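Heads up, the thing below is written out as structure tokens.
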Amino acid sequence: MTISQRTAAILVAAGRGLRAGTGGPKQYRAIGGRTVIHRALAAFSEHPDVAVVQPVVNPDDIDVFNAAVSGLRHEVPAHGGATRQASVLAGLEALVPHRPDIVLIHDAARPFVTSAVISRAIQAAGKTGAAIPVVPVTDTIKEVTASGDIIATPERAKLRIAQTPQTFKFEVILEAHRRAARDGLTEFTDDAAIAEWAGLTVATFEGDVANMKLTTPEDFVREEARLAAQLGDIRTGTGYDVHAFGEGDHVWLCGLRVPHSKGFLAHSDGDVGLHALVDAILGALADGDIGSHFPPSDMKWKGASSDQFLKYAIERVTARGGRVANLEVTMICERPKIGPLRDQMRARIAEISGVDISRIAVKATTSERLGFTGREEGIAATASATIRLPWSA
């Protein structure tokens, strides 16, 4: 049996994250252009040696969870409990039908876990049966009284900071959690503590200082700055598209169905705004153009909605570890009038792309009655896209 056939992971994501400030549960907040939970879940769902990924979420968050992790491999979420410990037990019980040998238990609030740490976790569990990732303590630690007076200075060389994923033989940690629940012990703060209480020896392995837990607003600010510093390859691409009018009673523009006296002559839905944006993004990536990715000769794209083209282009950026810094599109036409629809178009582009609306501009102009747009024979659009990539991409 291969490692990938017997290893499961639990992603604990049922907390409310109140200390992280406003904006909802911290696991659904964006950092570096992706939600925290998407980053954490992707690390496990994309790891070749993890066969089953079991999320545990608050039942009130099912819809937002599904939207945040769309496209990633995972099981149907288990419903979390009142404490982290209860949520982990729910995840373990959900894994029983899968009969894994090893389980990795990870906090969704640690979105920067690497494939290397996950691999070390799997190897450690196979050797010892129970192990956790740790990093050295670099500050001097003081033990204090309730009033704040120092009573001891622990020897720093013996101290370690515990991280996740904490990894165990599945049946062993399942039984330990069940025993703790039966005994009414509900306040363990991590799974290693439960294993210790159950009499298990818990080993350690090398963690990663970047695998930090996001807890406070300051954590988000610091990590946003760190991620931005890594994306030093700043690129800008441009795009252009045009479609002639034909029979019809509406046109698609920037993802909106706009009533009009004519329709577009086009292979897909003819959305010139989104097509220009897609070309701009692909140009910034030096990754061809919309025609090379979605050839008009392919009947698969006949009448296709252009929102899928924009999502695809954004995914190409994300796949290279990048993020979109700005999207701008200018519509060139006499009619329909773009001004009244500008904010709706920005909102729709934001919805499709996942880019914050503050980074999206929609503009409009005419050709002063000159040329085919002036004669109202069609609509043109120009676009630009600025993206940030790591230099290695």
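Cβ coordinates come from backbone N, Cα and C, glycine included.
Taken from Swiss-Prot, the feature divalent metal cation binding site covers D241, H243, H275, and the record attributes it to sequence analysis. In the three-state DSSP scheme, H275 (divalent metal cation binding site) falls into the helix class. Counting only residues at least six positions away in the same chain, the Cβ atoms of G239, D241, I290, S306, F309, A381 sit under 8 Å from the Cβ of H275 (divalent metal cation binding site).
Applying an 8 A CB threshold to same-chain residues 6+ apart, the list for S268 (4-CDP-2-C-methyl-D-erythritol 2-phosphate binding site) reads F294, W301, K302, G303, A304, S305, S306, F309. Under the heading 4-CDP-2-C-methyl-D-erythritol 2-phosphate binding site, Swiss-Prot lists D241, V242, H243, H267, S268, D289, I290, G291, T365, T366, S367, E368, F372, R375.
Taken from Swiss-Prot, the feature region '2-C-methyl-D-erythritol 4-phosphate cytidylyltransferase' covers 1-234.
Positions annotated as region '2-C-methyl-D-erythritol 2,4-cyclodiphosphate synthase' by Swiss-Prot: 235-393.
Swiss-Prot lists R19 (among others) with the feature site 'Transition state stabilizer'.
Residue environment of K26 (site 'Transition state stabilizer') contains 28 other Cβ atoms, counted within 10 Å of its Cβ in all protein chains. Sequence annotations record features per position, and here Swiss-Prot assigns site 'Transition state stabilizer' to K26 (among others) based on sequence analysis.
Contacts of R156 (site 'Positions MEP for the nucleophilic attack') defined by a Cβ separation under 8 A and a same-chain sequence distance of 6+ are given as V137, T140, I141, in order along the sequence. Annotated site 'Positions MEP for the nucleophilic attack' per Swiss-Prot: R156 (among others), in sequence order.
The site 'Positions MEP for the nucleophilic attack' annotation in Swiss-Prot covers K213 (among others) and rests on sequence analysis. Counting every protein chain shown, 16 other Cβ atoms lie within 10 Å of the Cβ of K213 (site 'Positions MEP for the nucleophilic attack').
Among the features that Swiss-Prot reports, site 'Transition state stabilizer' is placed at H267 (among others). According to its DSSP assignment, H267 (site 'Transition state stabilizer') is coil.
Marked as site 'Transition state stabilizer' by Swiss-Prot: T366 (among others). In sequence order, I332, C333, E334, T373, G374 constitute the residues six or more apart from T366 (site 'Transition state stabilizer') in its chain with CB-CB distances below 8 Å.
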Worksheet item: Say you check the Cα of K26 (site 'Transition state stabilizer') against those of the binding-site residues H243, T365, S367; which is nearest?
Response: T365
Fill in: Neighbourhood of H267 (site 'Transition state stabilizer') by C-beta distance under 8 A, where only residues 6 or more apart in the same chain count
P296, W301, K302, G303
Worksheet item: When the pLDDT values for the region '2-C-methyl-D-erythritol 4-phosphate cytidylyltransferase' (1-234) are averaged, what is the result?
Response: 93
